[in-house]
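Database features (Swiss-Prot):
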| type | residues | note |
| --- | --- | --- |
| DOMAIN | 22-105 | domain 'PDZ' |
| BINDING | C44, C46 | Zn(2+) binding site |
| MOD_RES | T82 | phosphothreonine |
| DOMAIN | 144-357 | domain 'AH' |
| REGION | 376-415 | region 'Disordered' |
| COMPBIAS | 377-391 | compositional bias 'Acidic residues' |
| LIPID | C413 | S-palmitoyl cysteine |
Amino acid sequence: MFADLDYDIEEDKLGIPTVPGKVTLQKDAQNLIGISIGGGAQYCPCLYIVQVFDNTPAALDGTVAAGDEITGVNGRSIKGKTKVEVAKMIQEVKGEVTIHYNKLQADPKQGMSLDIVLKKVKHRLVENMSSGTADALGLSRAILCNDGLVKRLEELERTAELYKGMTEHTKNLLRAFYELSQTHRAFGDVFSVIGVREPQPAASEAFVKFADAHRSIEKFGIRLLKTIKPMLTDLNTYLNKAIPDTRLTIKKYLDVKFEYLSYCLKVKEMDDEEYSCIALGEPLYRVSTGNYEYRLILRCRQEARARFSQMRKDVLEKMELLDQKHVQDIVFQLQRLVSTMSKYYNDCYAVLRDADVFPIEVDLAHTTLAYGLNQEEFTDGEEEEEEEDTAAGEPARDTRGAAGPLDKGGSWCDS
């Protein structure tokens, strides 16, 4: 239909400038340059690049991009031709092919419309839904096949729970060891006092030796705490810095991923709209005026895909490094814990083995039960006070028969 009008329809460029240019591409072994073409007669006055495939001559060269208009092939104009005819023209050329183009100077911000933002929000909501739930709510579900980062994220959450549990358990363990060391210290102080006050030399030496053993155990406990405490610092660094940093990177990755999926969905909707109108014989205004809106979305999709690929690569590398650190760090920390506790128990066993002083012989009769001339009778302070109160409150009575001091024969004498 545009052949009859000689393409005199004014193009609606939406304020997007174009810059002409040309590029020479060396074809690959399959005689391809790695682009797909859209537009052309009979509904669109221009032909444009829909997609540049990865690892192809066009992608490696980087000159042309999605949305750029193709104006000629090897100096031959393609005006009024269909996309199939232009594809054949490119295929007929062997070796190098020169593509003449009009570079679309598009700003990605122009493509970030409210529709794209709403699509990103919808993708966030649908991401964690099952297929059945999404279908029941009437929501289309655009997903990336074989997206292993979803499983990696689940593994990261499990690793975070593991480190959190290890941190709490280690804190409780250190607290228990600290209280145990204080108990050993108290034991040592008590036995040391007993040893100092014990009149029997052998028993005194035994109590002091047993006290020193408990004080040594207390020192072993403090040494254990100083050795294991850095383990908490390392675990907290991994738990509170490395994992949150990876989560933040994953959130950025998901944002780029949802943006890319939103542009893909937008392109699909615009394609369906165009096919429906063509089927009805009513071409769209945007198509008949150069399809610049569609080409802008194509450019935005390509740039979003590039950001998505780069971000995905960065996330995979970071998670790989995090996994390696997790494997190495967890082994090192557990070895430190086990070796430190083993040394602690071995040292405690060695000290207590050398301090095997039981049974201890103590002359209780000599120390607490024997009464002699030079020993004072044991009296309780409270009983003395009661006796004084009684003596003050009662009248004087005959003291005959009252208990007197012990004589040399050990018998009581009258006063």
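All positions are counted from 1 along the displayed chain.
Even glycines carry a Cβ here, placed using N, Cα and C.
Because the structure is a prediction, the values reported are computed rather than measured.
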One should report the C-alpha separation between C46 (Zn(2+) binding site) and T82 (phosphothreonine), rounded to whole angstrom, as 9
Measure the Cβ-based neighbour count of C44 (Zn(2+) binding site), defined as the other Cβ atoms within 10 Å of its Cβ. 23
Using Cα coordinates, what distance in whole Å links C44 (Zn(2+) binding site) and T82 (phosphothreonine)? 9
Per DSSP (three-state), C46 (Zn(2+) binding site) is coil
If you count Cβ atoms within 10 Å of the Cβ of the residue listed as 'phosphothreonine', leaving out that atom itself, what do you get? 17
Determine how many residues of the domain 'PDZ' (22-105) DSSP places in helix, in strand and in coil. 15 helix, 34 strand, 35 coil
With every protein chain in view, what's the tally of Cβ atoms within 10 Å of the Cβ of C46 (Zn(2+) binding site), excluding that atom itself? 21
